[in-house]
Amino acid sequence: MGVKILTWNVDGIRSLYKDDASIREGLESLDADIICFQETKISRNQLDKKFAVIDGYSSYFGFPRSETGHSGAVTYCKESVTPFCAEGGLSGLVTVDADDIIGSYGNIRTEFSKRELKELALEGQAVITLHKIQMKEKMLAVINVCCPSDDTDKKKGLQRKERFYQLLQIRATTLKEKGYFVIVVGDLNIGHKPIDYYDPSQEEDFESNPCRRWLDRIIFDLDPKDISNGYCETTFLIDAFRFIHPTEENVYTYWSSNLDARANNFGSRLDYLLVDKRLFAEIDDCIIMSTVQGSDHCPVKLIINIEVIPAPNCPSFSKRYYPEFSGTRRKVVKDETDDVPKRQNESSMDESLTEKKRKIGIEGYVIKLTNSRGDMSGESSLSERSLQESSSQSSGEISTPNTEHQGKYFS
């Protein structure tokens, strides 16, 4: 059957879904396993239980930090695809209170100052979920991203947008180099080719726009029939829609609210599902759901032939663990809206995280990590595994995957 991943800029989740019944019915009507919304326009203080705790789903919110609240993202995951880890933002500007954050920030801390990272988070936002898949026991990182626009101040907005793209690229590339498959979904606030616009002549400096050039650098832009023979060092993501529909015209995901643009299909394709090119053979379809109303954008759905192994428990970033929703005092990961303490350097942070994750389950095995690089010292016996598994289940401990155990899908 495969997994269905959907992206949609909802232009305000509270206006789209008014009550408990509508949010559950709305998610079900989208018929997807991993549902990624952008421009949620809901802050931490505005979040209530109907959006955070939905029967059959777990939720992972990235809250907007700007006073206007025009950004924000949330990923809803069905129980059948519960992630092992989840994290808000791209930069790691969250407190390391949990054993199950994703990590892998690359050189973000040297390329960006903390001040700039905070500024970039004002308008753009992201949520990352990490899923275990059957394919060679590997992990899949789904990056749900809401990229900033450059509408308010063209020059400064363009610079901010470029920097946000660079931040996204570093994080996605680092996750890939870690050995994970990567899928980037969301509103990128830029169309790639003239075919993705009703009237590309209205786009200023179309070919030379640096944001569009950034898309050229990350999208593996070969004809589908030639992709198995092609190789490009700097690109590693496939535009799933154009992979399936390379020449289809007049298909858009955004229409201005002015001048009956949607009724006349005066639109642009700004919403993407960018798939790790190592998974190209698993892409089954990518559908633009232009008839779905409720926003100035429409949903886009990817169907990909992979099997997800659900985590036994939701990761600590799930909003169901907030005290007001869970009825407990369980400690949760702070979001980027909170004050950010001083952080240790990347290498020492990775080492401490590995120590926290010293017992990691893979298909019933418990492998002990002996150092920060994840060297394996051996496997436990069957009786030891059973005892450890039952102990973990009875204690309610959140299991985490062996994120160091990696292989290559393609030779």
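Heads up, the Cβ atoms here are built off N, Cα and C, so glycines get one too.
The domain 'Endonuclease/exonuclease/phosphatase' feature in TrEMBL is assigned to 6-297. Among the features that TrEMBL reports, Mg(2+) binding site is placed at N9, E39, D187, N189, D296, H297. Here TrEMBL flags N189 as site 'Transition state stabilizer'. According to TrEMBL, the site 'Important for catalytic activity' annotation covers D271. What TrEMBL lists as site 'Interaction with DNA substrate' is H297. Residues or ranges marked as region 'Disordered' by TrEMBL: 333-355, 371-411. The compositional bias 'Basic and acidic residues' annotation in TrEMBL covers 333-345. The compositional bias 'Low complexity' annotation in TrEMBL covers 377-399.
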E39 (Mg(2+) binding site), number of other Cβ atoms within 10 Å: 24
Number of Cβ atoms other than its own within 10 Å, given for N9 (Mg(2+) binding site): 25
Most crowded position, judged by CB atoms within 10 A, among D187, D296 as binding-site residues: D187
Shortest C-alpha distance to D271 (site 'Important for catalytic activity') - which of the binding-site residues E39, D296, H297: H297
For the Mg(2+) site built from N9, E39, D187, N189, D296, H297, further residues of that chain with CB within 8 A of the site's CB center: D11, Q38, C146, Y254, L270, D271, S295
Among D271, H297 [recorded positions], residue with fewest other Cβ within 10 Å: H297
